[in-house]
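Features of the protein shown, as given by Swiss-Prot:
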- 7-227: domain 'ABC transporter' (DOMAIN)
- 43, 44, 45, 46, 47, 48, 49, 50: ATP binding site (BINDING)
């Protein structure tokens, strides 16, 4: 694959606690994601799955190792610079949607675009197009509490890619949904990632859904291991 490297994690180590409470989570984890590639992270709870995603998304610092986003080393960067890279290059989807309850679905998707400085009319147009792509264009004026769980998560996915990030990270994005809804949301997420040409790392417990991805990896003894 000749696509450019969007995200590279090298020798990532992360532990919590000190002394008697010392708990190593990641022990020299390596992972490379290329543009247009979808990768499923299939690992049990407690193995460091969320920690790896948080480090990849610049939400957490590793104790050792290097994180490169689009070729830029994020080690030693100021918090402001890390925040700028995260906003411009990375979209994040959580198991729980974290939508702003006082705003409509359309406004929630517009929000990151407005923060990035996009004119309101352009932000609204892109938000509307994303809602249409996720097949919930007719729900744009509804607030999160008026949406089903699947609809809420589709809005969250649209919000995550609103600024056309290079990388999409998702931590159990369908874990709180029924199997049928989870399947549709996961397929929509995977299709959106492919169409946008971004690099996607999606954590899931569901091996059937993970099989839709280009690659599957897991975490064993603190290291990222490729699954066949």
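Here the Cβ of each residue, glycine as well, is placed from N, Cα and C on the backbone.
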Non-site residues, in chain order, whose CB comes within 8 A of the mean position of the CB atoms of 43, 44, 45, 46, 47, 48, 49, 50 at ATP: 219
Candidate with the highest Cβ count within 10 Å, taken from the binding-site residues 45, 47, 50: 50
Residue among the binding-site residues 44, 46, 48 whose Cβ has the most other Cβ atoms within 10 Å: 48
Cβ packing number for residue 49 (ATP binding site), 10 Å threshold: 21
Number of Cβ atoms other than its own within 10 Å, given for residue 43 (ATP binding site): 21
